[in-house]
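These come from Swiss-Prot:
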BINDING   Ser14, Tyr15, His35, Lys109, Ala142, Arg258, Val282, Glu284  NADPH binding site
BINDING   Lys109, Gly138, Thr140, Lys194, Asp247, Ser257, Arg258, Asn259  sn-glycerol 3-phosphate binding site
ACT_SITE  Lys194  active site, proton acceptor
Amino acid sequence: MKNSADITVLGAGSYGSALAISLASNGHKTLLWGHDPVHMQTLAQDKCNQAFLPGIAFPDCLQIEADLAKALAASNNVLVVVPSHVFGTVLEQAKPLLRSDARIVWATKGLEPETGRLLQDVARDVLGEQYPLAVLSGPTFAKELAMGLPTAISVAGTCPTFTNDLVELLHSPKRLRVYANDDFTGLQLGGAVKNVIAIGAGMSDGIGFGANARTALITRGLVELTRLGEALGANAATFMGMAGLGDLVLTCTDNQSRNRRFGLALGKGCDVMTAQAEIGQVVEGYRNTKEVFTLAKRLGVEMPITEQIYQVLYQGKSPVDAAKELLSREKKSETPAQ
């Protein structure tokens with residue numbers, strides 16, 4: 001079946017819109033679909049996403065499509081950019097409408113709610129084995145990507161041809177550098193765990209602990225991510241790249257991060273509900289914390305920072321008490337014997 005578009009993007013929030021803008025700015029005909037018809041009509045009229053990316057005009061190659069069937073019929077390349085807690089639901093909606101030659105990539109960062117499963121497992125459960133799968137991950141703030149500021153990300157998948165095609169589609173010499181990676185598991189995990197650690201970094205700064213504490217938390221957070229990744233068969237080297245260290249540093253240190261701002265509010269004394277309301281958009285790290293904690297417990301992986309953040313978010317522990325518990329842990333070597 002011939003494509004009438006180069007790629008279809010499912011999810012018209014800030015990140016989905018930014019990726020669609022970047023793709024269309026490369027000269028690729030891009031369809032952008034969202035679940036809210038009123039929102040999609042507004043996007044079509046304004047020719048920009050005024051709600052999430054105000055003032056950034058859509059390129060001529062970007063087309064708004066409110067009909068999911070039409071959006072999925074237009075291209076065999078489907079990029080899913082929705083919150084992790086609705087990822088499976090969106091795939092269920094898409095499944096009967098997908099072309100037989102469809103190829104699915106997602107930029108969703110997170111794990112399955114309640115179970116902590118990787119999104120690749122969710123996708124396989126819903127879609128079966130017939131479609132090539134891939135994931136896009138790395139340090140990207142939507143606004144900067146949409147503005148065309150230099151950005152670098154990684155992509156990995158189940159099919160090398162699809163991965164290479166995505167590199168060609170997404171890469172732009174002027175705005176976006178894309179690295180191919182063969183660690184499908186590692187790229188998915190990095191995008192979830194960094195959200196958790198960013199909440200912790202925000203809490204630390206909100207309390208007023210300073211740059212030393214923030215840096216220590218980021219460094220030990222990277223250790224936790226690597227530990228969990230290795231337990232799942234990921235390559236430790238992945239976590240020194242874009243989807244690990246890169247995304248972790250970005251999300252933990254810049255207030256464009258909703259997860260960091262959420263943590264800041266908690267550190268300054270807000271309760272969880274008030275802090276979420278203050279952000280006004282989905283704070284992926286709130287759910288990710290429970291998901292990562294669940295996964296670590298199931299695998300028997302020690303993740304003390306994640307555990308303390310979980311206790312703050314879900315068990316009412318104060319951020320100060322969580323910090324005290326981390327600092328009072330038993331002394332240990334930074335490089336334990338293997």
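The backbone N, Cα and C atoms fix where each Cβ goes, glycine too.
Since the structure is predicted, the reported quantities are computational estimates derived from the model, not experimental observations.
Cα separation, Lys194 (sn-glycerol 3-phosphate binding site) to Lys109 (NADPH binding site), rounded: 9 Å. Take the binding-site residues Ala142, Val282: by the count of other Cβ atoms within 10 Å of each Cβ, the lowest one is Val282. Counted within 10 Å of its Cβ, the other Cβ atoms near Lys109 (NADPH binding site) come to 30, all protein chains included. Take the Cα of Asp247 (sn-glycerol 3-phosphate binding site) and measure to each of the binding-site residues Lys109, Ala142, Arg258: the nearest one is Lys109. Reduced to three states, the DSSP call for Ser257 (sn-glycerol 3-phosphate binding site) is coil. In this structure, the binding-site residues under consideration are His35, Lys194, Arg258, and the one with the smallest number of other Cβ atoms within 10 Å of its Cβ is His35. When the Cα atoms are compared, Glu284 (NADPH binding site) and Asn259 (sn-glycerol 3-phosphate binding site) turn out to be 7 Å apart.
Within 10 Å of Tyr15 (NADPH binding site), as judged by C-alpha distances, the binding-site residues found are Thr140; the full candidate list was Gly138, Thr140, Ser257, Asn259.
Annotation: Asn259 carries the greatest number of neighbouring Cβ atoms among the binding-site residues Ser14, Asn259 [cut-off 10 Å, Cβ to Cβ]. Of all residue pairs in Lys109, Gly138, Thr140, Lys194, Asp247, Ser257, Arg258, Asn259, the annotated binders of sn-glycerol 3-phosphate, the farthest apart have Cα atoms separated by 16 Å. According to its DSSP assignment, Asp247 (sn-glycerol 3-phosphate binding site) is helical. Spatial neighbours are here defined as Cα atoms within 10 angstroms of one another, and by that definition the neighbours of Asn259 (sn-glycerol 3-phosphate binding site) among the binding-site residues Ser14, His35, Lys109, Ala142, Val282 are Val282.
Counting only residues at least six positions away in the same chain, the Cβ atoms of Tyr15, Ala18, Thr151, Ile153, Leu250 sit under 8 Å from the Cβ of Thr140 (sn-glycerol 3-phosphate binding site).
Cβ neighbours of Gly138 (sn-glycerol 3-phosphate binding site) (same chain, under 8 Å, six or more residues apart in sequence): Thr151, Ala152, Ile153, Ser154, Met242, Ala243, Gly246, Asp247.
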